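> Let me begin by handing over the structure; questions about it come next.
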């Protein structure tokens, strides 16, 4: 059945109701915060945001008498938006409730535009972004390259992870191996695992230890299954592939940080089908294609669009095999998707 289209008045009414609900929730939160701060609060101490629930977050105490304990915390109104992975200064209150009073500087942040095109951080202080894909749903090089550009732009080291390796067969194997070979030749770290059978999981754990990692990738590639295999106590819900669309059903609804036994953390974030890059410039995209970097600026024409122009360094590199057609297609697609003012 086709989805019913709403008229302008209906959309306005829905937005009005949502804004009113948000205002009431904010008012209740402010009242609770005032009551909390009116009582006895403990000293300032360091904490780590391990989950975010709208107007409240879960904070794990990093020092002091409460080290290792988790508190549900209110946010002071003057704080910037916090995300999982943020380091904060907080004060403990009564009944396991606390107040966050300051945000510590971030070493990195992973951002994506929201539905309104506004830039929104989704994880903080991450130093390893694990790009997960699988034989099914069919991996899209363009999406993988978007994640790689985002990782390069954020200064976060990427790891390409092929999950469900047990599903590789004679039919999909040649295309998958050709896909992997492109990234292997570029020097990107790459690992094949099966969360279901356990193949390669010990090696994955070793590569994650000592890092703050985040798993990204389209729904249905097994991110939740990977978390359950690495951390059985996490009990992340798993969704099956939709039989109708072949795409994954979204399962994880809240970004949460988990600790590995041997050190390091993992942030499990909601599944993303399309990762927007509207917040990056053309220069950022060009820098994100690592094998293209030395070629930009060497074309015959300064305003070369790398399409059909004579003397184009990218086209010459494409012709002699120094860059792959797959990557060239992704580059053109990503550049075409940027807002005009990004040029």
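These residue numbers are counts, starting from 1, taken along the chain as shown.
The backbone N, Cα and C atoms fix where each Cβ goes, glycine too.
For 116-275, the entry in Swiss-Prot reads domain 'CP-type G', with the evidence type sequence analysis. Among the features that Swiss-Prot reports, GTP binding site is placed at 163, 164, 165, 166, 217, 218, 219, 220, 221, 222, 223, 224, 225, with the record citing sequence analysis. Here Swiss-Prot flags 299, 304, 306, 312 as Zn(2+) binding site, drawing on sequence analysis.
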> Can you check how the pLDDT averages out over the domain 'CP-type G' (116-275)?
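Averaged over the domain 'CP-type G' (116-275), per-residue pLDDT gives 82.
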> For residue 312 (Zn(2+) binding site), just count the other CB atoms lying within 10 A of its CB, please.
20
> For the recorded Zn(2+) site, enumerate neighbouring residues of the same chain (Cβ within 8 Å of the Cβ centroid of 299, 304, 306, 312, site residues themselves excluded), in sequence order.
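Neighbours found: 300, 301, 305, 307, 309, 311, 313, 314, 315.
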> For a quick check of packing: other C-beta atoms within 10 Å of the C-beta of residue 225 (GTP binding site), how many?
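Around the Cβ of residue 225 (GTP binding site), 20 other Cβ atoms lie within 10 Å.
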> Taking just the CA atoms, what is the gap between residue 163 (GTP binding site) and residue 306 (Zn(2+) binding site) in Å?
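A Cα-Cα distance of 34 Å.
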> Restricting the comparison to the binding-site residues 165, 217, 219, 223, 225, which residue's C-alpha is spatially nearest the C-alpha of residue 306 (Zn(2+) binding site)?
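Smallest Cα separation from residue 306 (Zn(2+) binding site) among 165, 217, 219, 223, 225: 217.
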> In sequence order, which same-chain residues at least six apart have a C-beta under 8 angstroms from residue 299 (Zn(2+) binding site)?
306, 309, 311, 312, 313, 314
> Indicate whether residue 163 (GTP binding site) is helix, strand or coil by DSSP.
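Where residue 163 (GTP binding site) sits, the three-state DSSP reduction gives coil.
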> Ten-angstrom check, please: count other Cβ atoms within 10 Å of the Cβ of residue 304 (Zn(2+) binding site), all chains counted.
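Counting Cβ neighbours of residue 304 (Zn(2+) binding site) within 10 Å gives 18.
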> Which of these binding-site residues has the least crowded Cβ, counting other Cβ atoms within 10 Å: 165, 221?
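Selected from the binding-site residues 165, 221 on minimum Cβ neighbours within 10 Å: 165.
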> Which one of these binding-site residues has the most other Cβ atoms within 10 Å of its own Cβ: 163, 219?
163
